[in-house]
Structure formats: C-alpha cells, structure tokens
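Colleague: Once you've had a glance at the structure underneath, I'll fire off some questions.
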Amino acid sequence: MRQKRKGDLSPAQLMMLTIGDVIKQLIEAHEQGKDIDLNKVKTRTAAKYGLSAQPRLVDIIAAVPPQYRKVLVPKLKAKPIRTASGIAVVAVMCKPHRCPHISFTGNICVYCPGGPDSDFEYSTQSYTGYEPTSMRAIRARYDPYLQTRHRIEQLKQLGHSVDKVEFIVMGGTFMALPEEYRDYFIRNLHDALSGHTSNNIYEAVKYSERSLTKCIGITIETRPDYCMKRHLSDMLTYGCTRLEIGVQSVYEDVARDTNRGHTVKAVCESFHLAKDSGFKVVAHMMPDLPNVGLERDIEQFTEFFENPAFRPDGLKLYPTLVIRGTGLYELWKSGRYKSYSPSDLIELVARILALVPPWTRVYRVQRDIPMPLVSSGVEHGNLRELAFARMKDLGIQCRDVRTREVGIQEIHHKVRPYQVELVRRDYVANGGWETFLSYEDPDQDILIGLLRLRKCSEETFRFELVGGVSIVRELHVYGSVVPVSSRDPTKFQHQGFGMLLMEEAERIAREEHGSGKIAVISGVGTRNYYRKIGYRLQGPYMVKTLE
C-alpha cells in the first residue's frame, strides 16, 4: 500500500508525527547525557511538519513510552515551582456569599472587587471571577468535589506528583458561611481524595487518613473577627492546619477608612488564639492603601515583623489594585487616590522583602487578577523578580523561607546543598516562646527542612494543650514530592531530616520547656507518620507523653 506523503496527512496526523519526533529527540538527548531546550525542539519540529501550532505539553507527556517515563516526565514538568516545595497545592473556592461585616458597617471594604453585589456578579467576595482558580471553580459550579478532581487530573497531566495535596479554601470568609454548608464543602474535599462517600465530617476525615493521595493540610482564608475560639475549634475538626488572615494594615485609621469592619486589636487576638491552637498563621497585607504613603508603609512592615503581637509565619503581599466598581475606583477617578509609580512600588516591595525574618515565608507578592481589569496599581506581572533585581542593585538580600528552599534553589540556580547542619532560632511571638528549627547549608543559604515549636501560653483554650504542653505547629522537609512510603536518593523528602527535627523538638520540649506532653497539629493524611514514632490521636492533635 502506498505510504501517505506529508501533504496528504491531516493536521491531527501531522501533530502525532510531531509529538513522536519530539519524544525521539528527548530520548536521544537523555541517552547522550545532554540538556535540551524543550521550547526550541517543539518550535523546530512543528515547523518541520508544516504546523503553525506547537504540540501541547500534556500530549507530549501522555505519549512518553512507559520505560522512559521515570526519567523524562520530571524534565517535562510544567511549572516545576508548583511542587518544588514538596506538595501539590489545590486551590478551591466556596460559593459566592456576601461579606459578613456588611450587616454592621453597611458596606464592603473600599478596594474589594468581587461578591454577589459587584460588577463581577458570579464571583466570590474579593475575587473577579477571572483568576485561574475562580474560572476553575465557575466551570465546576463551585462543587468542591469536581474542583478537586479536575485540578488533580490537570496537575497529573502536567507531570506533577499528587501523592501529597494541600487544599487552600478561597472565596471570601469561609467561616461566615452556615455550618451545614461548611461541613458539606470540607467533607467533599476529603472524599475527592479518598474516593469514599461520607455521611459526615468525622467519617470523611477517618477515610482521608488512609487515602493513597494524602491530604497533608487545609488552609482556610478568614478575617480576624472570624478567627475566634469556636471558629478555630471547627477548623481543627476539618483537618485545617494553616490560616490565612486578612490583616491588610496595622494602622487603626487605615482599617477604619477602608471599612475593614474590625480593629487591629482583633488581629493581635486572632494571631494569639490561632498560634496557641497550633495553627500556622499567614497574613494578607496590602501596601499602597489610601492615606498611608511610602514611609508609613515601610514603618508598618517593620512593626509587623518586629512586634511580638504580630510576627506571622507567612505573608501574602497584595499591593493595592484599583478595579472598576469599587469605592477605591471612585476615589481614584476623582483624583483623591493615586497609586505608587511602578518604580516606587518595586522599591517598596524590595525593602519589605529585606525586612522578612528567616522564619517567615513569603507566599505571594501580588494578586493574580488579570491586568486588563486593573485600572491602576501593579503594572508588572513579575513583581517578585523585579523586586529581587532591585535588591541585588541595593546589595540587600531576601532571606525568607521560600527563597532559601532547596527545591526552589535547585530550579532557579541549579544549586544543591553540600554541608548540612541544624540551625536554631528562638523568638517570642503572641504570648508564647517560639523555636524555629531547620536543617540548612549555611554557606549557600539553602533550607532543607523546618520545624516550628511553640511553648503554649497560659491563655490556650484547647483542653488537649492545657497544663505544660509544647506544640509542633509545622514540620516540612522541602524538595520535590516523594510519595509518603518511598525513598528517592536524589530528593530531600524522606531522607530522615523530619525524624531528626522531631527528636530535637522533643528534647527542647522536655528539657527546656519543662513540658510533660508534646502535641502536633498534623494534616489528616500524615497522622500515620506520627503514629509510627509513638504518637496517638487526641482530639485533632497527635500527642506523645514525654518521659
């Protein structure tokens, strides 16, 4: 039978030939020990077959022969940063609902773009509906089960390991929603991982513990006034381990003028209660708010990191954006508000990043709201990179957790640790004694793993933590995801660093804190890890009596 010439083939057949050719070149490069620029190979090969479009990465990954998957897929992985910290993050959104403080302040925050009453009517509070997470949620009609399944499949297709999943529950103040809806939402997140259909939250958590895809934590976005004792207890039941608290400003006048609906005192109280319950606390902060100015902005971040009443474990930096339909948009249009210039904003972010202590992680430095929706504010989509470049010019460094992580260092600078040692940093925060333990390569400033230990204050309200108890608020070994039961000698997870950090934490709790018991706020899927080293479940915590 006559073989078809290139001109006789359909575009789909030509695309199949292109994908096969790309994979052949990748295999040859691997066998010769050469590095290869995938984008150049895709462009060149597509042109060779007369195609204007390049093959999709998802299709290339799907077509890799089984015997080469182990070596080629990690090289093809799209956006390796997504799992460089050792965890696949799955962001989900709850249904649109009104902001809880409307009932007593009469309005939402002046800068807030979203919500059911906004110009973006099908969006959740503080989102426009055009962010990637929002669009995935809208496609799934805000169904938590579908959002989770779709995102996990998407990450798998892009070559990421999804053995460990951390959920981020976004979409406004989740804890202001009715209890029945909250239970339904969290139950479905756990069920989407375990495959079990649960009748209640306790059953969902029980099955999630034994799931092959481990839920190593849930992060919930909330406000300081929805972070009180009953809210914290509910979140512990869900398997939540980290809180993202909307602070925005440490100035009382700014909180009042922007219609936040809570005081700065409420921020300090929520941090104290949350840390005494074992939660990791991430703060959302907004530089460039009305009536602040550059000097006051720098002062507030100095205060935020140095004052023991604040000192968060993590930071999401969201420079103020002017978006159509907000109160701030009207102020901007009438000339009563003006955003910082691009150069001033880069300078400010650079100086803020230089203030961040080594125990704090900067998760984000800008919102992912599409630029066409922004009337004034951030003009660059790569603000972090521009701030780092400015820091280099100024001769200052960012030493936050994320910048020093081994996985991130490997991706950006191809640097691997050489001389690893235990580093200890002690500080006082929110009424308790904090110890930040880490394994680092001090010469190259690379962080391999960390542990946050707290001697709870006397104000702790959880009965499991009363009377001389120390709590491990976080244990995390960085580097690419390694399944919980396996070892990969080239990756840093499961090389024993976690065990060494736990042993040192137990020693400090026993000998220095004088504690008779140590507790761990553990993600639902990692409880069995602690059972193996002598811990048992008490309420939402894994606990161990210290001899």
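The backbone N, Cα and C atoms fix where each Cβ goes, glycine too.
Checked Swiss-Prot, it gives:
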type: BINDING; residues: CYS99, CYS109, CYS112; note: [4Fe-4S] cluster binding site
type: BINDING; residues: LYS164, GLU474, LEU475, HIS476, VAL477, PHE497, GLY498, MET499, TYR530; note: acetyl-CoA binding site
type: DOMAIN; residues: 82-372; note: domain 'Radical SAM core'
type: DOMAIN; residues: 396-547; note: domain 'N-acetyltransferase'
type: MOD_RES; residues: SER161; note: phosphoserine
type: MOD_RES; residues: TYR202; note: phosphotyrosine
type: MOD_RES; residues: LYS229; note: N6-methyllysine
type: MOD_RES; residues: TYR251; note: phosphotyrosine
Colleague: For LEU475 (acetyl-CoA binding site), what is the secondary structure state per DSSP, taken as helix, strand or coil?
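Modeller: In the DSSP reduction, LEU475 (acetyl-CoA binding site) maps to strand.
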Colleague: If one measures from the C-alpha of SER161 (phosphoserine) to the C-alpha of VAL477 (acetyl-CoA binding site), what distance in angstrom results, rounded to a whole number?
Modeller: 16
Colleague: Once the chains shown are all counted, how many other Cβ atoms turn up within 10 Å of the Cβ of VAL477 (acetyl-CoA binding site)?
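Modeller: So the Cβ neighbour count for VAL477 (acetyl-CoA binding site) comes to 25.
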Colleague: For the acetyl-CoA binding site, please report the maximum Cα-Cα distance among LYS164, GLU474, LEU475, HIS476, VAL477, PHE497, GLY498, MET499, TYR530 in Å.
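Modeller: Comparing all Cα pairs, the maximum is 18 Å.
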Colleague: What average pLDDT is reported by the model for the domain 'Radical SAM core' (82-372)?
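Modeller: On average, pLDDT over the domain 'Radical SAM core' (82-372) sits at 89.
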Colleague: Would you mind checking how many other C-beta atoms are within 10 angstroms of the C-beta on CYS109 ([4Fe-4S] cluster binding site)?
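Modeller: So the Cβ neighbour count for CYS109 ([4Fe-4S] cluster binding site) comes to 23.
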Colleague: List every residue in the same chain as TYR251 (phosphotyrosine), at least 6 positions away in sequence, whose Cβ is under 8 Å from its Cβ.
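Modeller: Sequence-distant Cβ neighbours: VAL264, VAL292, ARG296, GLN300.
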Colleague: Taking each of CYS99, CYS109, CYS112, TYR202, LYS229 in turn, which of these recorded positions have a Cα lying within 10 angstroms of the Cα of VAL477 (acetyl-CoA binding site)?
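Modeller: Within 10 Å Cα-Cα: none.
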Colleague: Pick from TYR202, TYR530: which of these recorded positions has the biggest number of other Cβ atoms within 10 Å of its Cβ?
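Modeller: The most densely surrounded of these recorded positions is TYR530.
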Colleague: Quick one, of the recorded positions SER161, LYS164, LEU475, which Cβ has the fewest other Cβ within 10 Å?
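Modeller: Minimum Cβ neighbour count within 10 Å, taken over the recorded positions SER161, LYS164, LEU475, occurs at SER161.
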Colleague: Return only the integer: C-alpha distance in Å from LEU475 (acetyl-CoA binding site) to CYS109 ([4Fe-4S] cluster binding site).
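Modeller: LEU475 (acetyl-CoA binding site) to CYS109 ([4Fe-4S] cluster binding site), Cα-Cα distance: 35 Å.
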